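J.: First the structure, then my questions, so here it is.
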């Protein structure tokens, strides 16, 4: 085999394992999921009749039961996403700015902020389900309140957003901190020489330097919030009256409890379409308009 032929095959040889895994665990499931969404796919029944876009049409029919439940769940997903994403972007950025300074014990504080994220969602959900219980919960006891955090609105939303912020704050803070440390110190020093104050340096140096990290954090946080399931399932169980039942919660319930995989798959692809549109908007909003 000639050296040129070896060079031609080299990149494909290195890519082959990744492409094989990507195909098996991504492309094939996506294709099978779309195929399932075109059928009346009940796990318990041997026949899986082809219905085309019937499952999608039913979800967009305001008079259908599945359609009403789905858009109620999409509304809950939207409420949670809109409420949690700004907090999970701004607050971790402020924490990262503080942690980026030089002070005694900063590594300890970094570990403390990140510690909750190492807990699994099951642990977090069960822990806060007990703490927020309206009858025996420690939150009401120590604050002297009589609030039904898990069964009333808006307390249920406050609980879900608050728990999620407590749980994932550390991850976004660490990501922002890594981005801050990649900004050359010379840029800050040059801005100080020019007489720029702290706020001006933040706007002219820090934010532009964090643009790639900010795009990633905003996009990842939107996707994670829109896919929230464990907190709603374990803390509120969708209460009251399914008002906190998110789209992922409903999809799992439809497919795994009611065994209607066709409708569940159609729900998944509609949700995915909304998330792809949101990602496009995020990338467009953060695009550097100084470049052609």
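The backbone N, Cα and C atoms fix where each Cβ goes, glycine too.
Automated prediction, rather than curation, is the source of TrEMBL annotations.
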J.: Quick check on the annotations: TrEMBL lists transmembrane segment for one of 111-131, 132-152. Which range is it?
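T.: Checked against TrEMBL: transmembrane segment maps to 111-131.
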J.: Which one of these stretches, 12-35, 36-59, shows up in TrEMBL as transmembrane segment?
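T.: Within the set 12-35, 36-59, TrEMBL attaches transmembrane segment to 12-35.
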J.: According to TrEMBL, transmembrane segment applies to one of these ranges: 156-180, 231-255. Which one is it?
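T.: Result: 156-180 is the stretch TrEMBL calls transmembrane segment.
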J.: Same chain only, please: residues at least 6 beyond the ends of the transmembrane segment (201-224) with a C-beta under 8 Å from a C-beta of the stretch. Say none if there are none.
T.: 81, 84-85, 88-89, 92-93, 97, 168, 172, 175-176, 178-180, 182-183, 187-188, 191-192, 275, 278-279, 282-283, 286, 288
